[in-house]
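According to Swiss-Prot, the protein carries these features:
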- His77, His117, Glu148: Zn(2+) 1 binding site (BINDING)
- Glu148, Asp180, His215, Glu259: Zn(2+) 2 binding site (BINDING)
- His183, Asp228, His230: Zn(2+) 3 binding site (BINDING)
Amino acid sequence: MDDDLKSIASKYYIGGHISVSGGLHLAPERASIFGFRTFQFFSKNQMRWNSTPISEEEALRFISEVSSHSISSTMVHASYLINLASSSNELHQKSFNAFVEEIQRAERIDATFLTFHPGSNGNKDEGIRKIKEAIEKVETHKVKLLVENTAGQGNVIGSTIYEIGQIIDGFDSSVGVCIDTCHAWAAGYDITNKYDEFIDELDSAIGLDRIYAFHLNDAMKDLGSNIDRHELIGRGKIGEGLIKLISDVRLFGKPKIMETPYGEAKFEENLKYIRKKLGE
């Protein structure tokens with residue numbers, strides 16, 4: 001990939017979700033191909049409860065590769081199966097155990113962030129309480145725990161900025177937020193036409209200082225559809241709103257992770273669109 005595109009990724013702290021096929025230690029080099037200084041990955045199969053432990057050798061190789069490729073932050077995405085909000089005591093406990101394991105795995109490889117979905121519960125207040133209780137029960141952790149906003153499908157918690165703010169309220173800076181732009185759009189936040197209102201609401205309900213990262217995704221479906229379908233940047237319904245976010249000086253230094261269709265195969269296309277719209 002040409003150096004101009006790499007410089008865009010580096011300058012605006014844009015990264016992407018990277019495959020760990022063949023081993024965790026291969027991910028940093030894959031990220032560096034695009035000029036990424038940050039990237040996201042799964043440390044285990046995201047659709048299974050069980051996992052193979054990360055060996056000390058594998059952890060050290062990963063940490064060494066992160067350093068040698070000048071990666072400044074890494075984000076683990078937790079399993080999709082985890083539902084800390086569940087009204088089922090059995091599922092809640094199983095989810096909590098998996099959550100703790102995810103934290104331990106992230107810390108073993110010196111990951112900067114662990115992002116997780118809030119989960120679902122027909123009773124929002126109960127769900128939020130159970131999520132907060134789970135976070136409180138976690139022993140001291142050095143990896144930052146990031147709650148991700150949701151698209152608003154079914155009984156899923158966290159589609160409103162206010163709910164995300166409720167979840168992190170009362171915790172110190174080791175707990176923060178990752179805002180997914182596609183999810184926000186699907187939940188009814190008009191990032192394109194009402195960008196400043198969106199940022200103002202993030203600041204008032206959460207605090208920009210507690211938003212540590214973004215998932216930079218365009219949206220395939222309409223505003224307020226509650227349908228979570230990511231699209232390539234510039235090919236979806238959000239479009240220019242993402243450029244506003246990327247170039248917003250208030251958000252500089254916060255990782256912006258692409259989770260777009262076709263993964264690494266289309267990151268270059270995303271970056272070309274971004275470069276064109278930025279005029280660089």
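Cβ from N, Cα, C; glycine included.
Looking only at the binding-site residues His77, His117, Glu148, His215, Glu259, the one with its C-alpha closest to His230 (Zn(2+) 3 binding site) is Glu259. Shown are the binding-site residues Glu148, Asp180, Asp228, Glu259; the one with the most C-beta atoms within 10 angstroms of its own C-beta is Asp180. With respect to their backbone Cα atoms, Asp180 (Zn(2+) 2 binding site) and His117 (Zn(2+) 1 binding site) stand 11 Å from each other. Neighbouring residues of the recorded Zn(2+) 1 site, listed in sequence order and excluding His77, His117, Glu148, comprise Ala78, Tyr80, Thr115, Phe116, Leu146, Cys178, Asp180 (Cβ within 8 Å of the Cβ centroid). For His117 (Zn(2+) 1 binding site), the number of other Cβ atoms no farther than 10 Å from its own Cβ, over all displayed protein chains, is 24. When the CA atoms are compared, the binding-site residues lying within 10 A of Glu148 (Zn(2+) 1 binding site) are His215, out of the candidates His215, Asp228, Glu259. Under DSSP, His215 (Zn(2+) 2 binding site) is assigned to a strand (E or B) in the three-state scheme.
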